[in-house]
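Engineer: Quick one: the structure is below, questions incoming.
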Amino acid sequence: MEFYFLGTGAGMPSKQRNVSAIALLHPKMTWLFDCGEATQHQMLHSPIKPRKVSTIFITHLHGDHIFGLPGFISTRAALEGTTLLTIFGPKGIKEWLEATLRITGTYLRYPLDVIEVEAGQTYEQEGFHIHVEALEHRFLAYGYRIEGQEEKGALHVEALKQLGVPSGPLYRQIKQKETFVFEGTEYQSTDFLGEPKPGIKLAVLGDTVPCEGSLRLAEKVDVLVHEATFADSEQDHAGRFGHSTARQAAEIALKAGVKKLLLTHISARYVDQEQRLEAEAREVFEESYLMTDHQSVVIKG
């Protein structure tokens with residue numbers, strides 16, 4: 001499982017960074033978080049296939065986070081995507097998409113389900129638990145917390161060998177079922193499994209100033225994706241426009257007890273001094289990393 005950053009810039013495209021779009025890649029699915037202008041073009045230079053994208057989460061309706069959505073939806077159909085595409089986003093996204101697709105005469109070969117979210121709501125999506133919280137921006141904005149299911153512990157192979165259980169299909173049954181039968185005797189599978197492994201926990205935040213919603217979403221996650229539009233010297237400016245500095249993002253990560261912080265939504269004004277932002281974050285939280293376009297990060301629990 002990994003994050004793949006398609007766009008890490010703020011406000012408008014630059015020569016170095018496209019606007020917001022992040023893919024979450026899993027062997028069983030591909031998700032997107034935001035879909036700014038030219039996201040589908042960024043995909044041409046990535047391992048991501050548009051027709052494989054099954055779910056898109058939109059954090060808010062500012063253009064740098066959604067203007068790539070109609071084009072992506074259309075291209076997904078042209079590339080023979082036929083499976084359901086689900087889009088989560090703030091109130092208004094359904095009306096905007098329906099009007100855009102209608103006016104442009106866009107025909108989709110697949111079902112499209114647009115779900116307008118509210119703070120505090122939870123969803124089950126493709127085996128993951130999704131929780132939504134409101135953030136504090138100049139515009140209605142949300143963040144998403146993603147939690148995977150608890151995984152069963154590792155097999156106690158030596159104990160099974162001592163019992164005489166041969167490797168093969170029965171091992172798979174032990175991992176999948178509550179009990180198993182060997183040579184006429186029923187056993188509890190848990191007696192031959194290690195401690196359960198907690199499911200992966202992630203949080204992807206939209207544009208925001210530091211707020212309680214950010215802390216709730218980020219609490220003890222394995223990876224937090226947080227905007228870092230400005231340097232610390234621009235903190236007042238960041239607040240006026242509903243954004244965070246890299247240091248403020250790191251403070252959220254520290255308070256919330258996260259394992260790793262990925263910084264994105266970087267202003268073009270820092271094109272020659274981006275490491276300054278990362279350094280300011282690391283003064284507070286060492287596991288802070290400033291992302292670039294087409295950078296991927298493997299997610300570990």
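Placement of Cβ uses the backbone N, Cα and C atoms for every residue, glycine included.
Sharing the record's features from Swiss-Prot:
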| type | residues | note |
| --- | --- | --- |
| ACT_SITE | Asp64 | active site, proton acceptor |
| BINDING | His60, His62, His137, Asp207 | Zn(2+) 1 binding site |
| BINDING | Asp64, His65, Asp207, His265 | Zn(2+) 2 binding site |
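What does the local environment look like for each feature on the list?
Structural biologist: Secondary structure at Asp64 (active site, proton acceptor), taken from DSSP and collapsed to helix, strand or coil, is helix.
Applying an 8 A CB threshold to same-chain residues 6+ apart, the list for His60 (Zn(2+) 1 binding site) reads Pro90, His137, Phe139, Leu140, Ala141, Tyr142, Gly206, Asp207.
His265 (Zn(2+) 2 binding site): 29 other CB atoms within 10 A of its CB, across all protein chains. Secondary structure at His265 (Zn(2+) 2 binding site), taken from DSSP and collapsed to helix, strand or coil, is coil.
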Engineer: Starting from the Cβ centroid of Asp64, His65, Asp207, His265, the recorded Zn(2+) 2 site, name every other residue in that chain with its Cβ within 8 Å, sequence order please.
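Structural biologist: Apart from Asp64, His65, Asp207, His265, the close residues are Ala10, Gly11, Val19, Ser20, Asp34, Gly36, Thr59, His60, His62, Gly206, Glu227.
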Engineer: Using a 10 Å cut-off on Cβ-Cβ distances across all protein chains shown, tell me which of the binding-site residues (His62, His65, His137) has the largest neighbour count.
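Structural biologist: Neighbour-count leader: His65.
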Engineer: Using a 10 Å cut-off on CB atoms, tell me which of the recorded positions Asp64, Asp207 is the least crowded.
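Structural biologist: Across Asp64, Asp207, these recorded positions, the one with fewest Cβ atoms within 10 Å is Asp64.
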Engineer: Determine which residues of this chain, when His60, His62, His137, Asp207 are set aside, have a Cβ within 8 Å of the centroid of the Zn(2+) 1 site's Cβ atoms, and list them as they appear in the sequence.
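Structural biologist: Leaving out the recorded residues gives Thr59, Leu61, His65, Leu135, Arg138, Phe139, Leu140, Ala141, Gly206, Thr208, Gly242.
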Engineer: How far is it from His62 (Zn(2+) 1 binding site) to His265 (Zn(2+) 2 binding site), counting Cα to Cα, in Å?
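Structural biologist: Cα-Cα, rounded: 13 Å.
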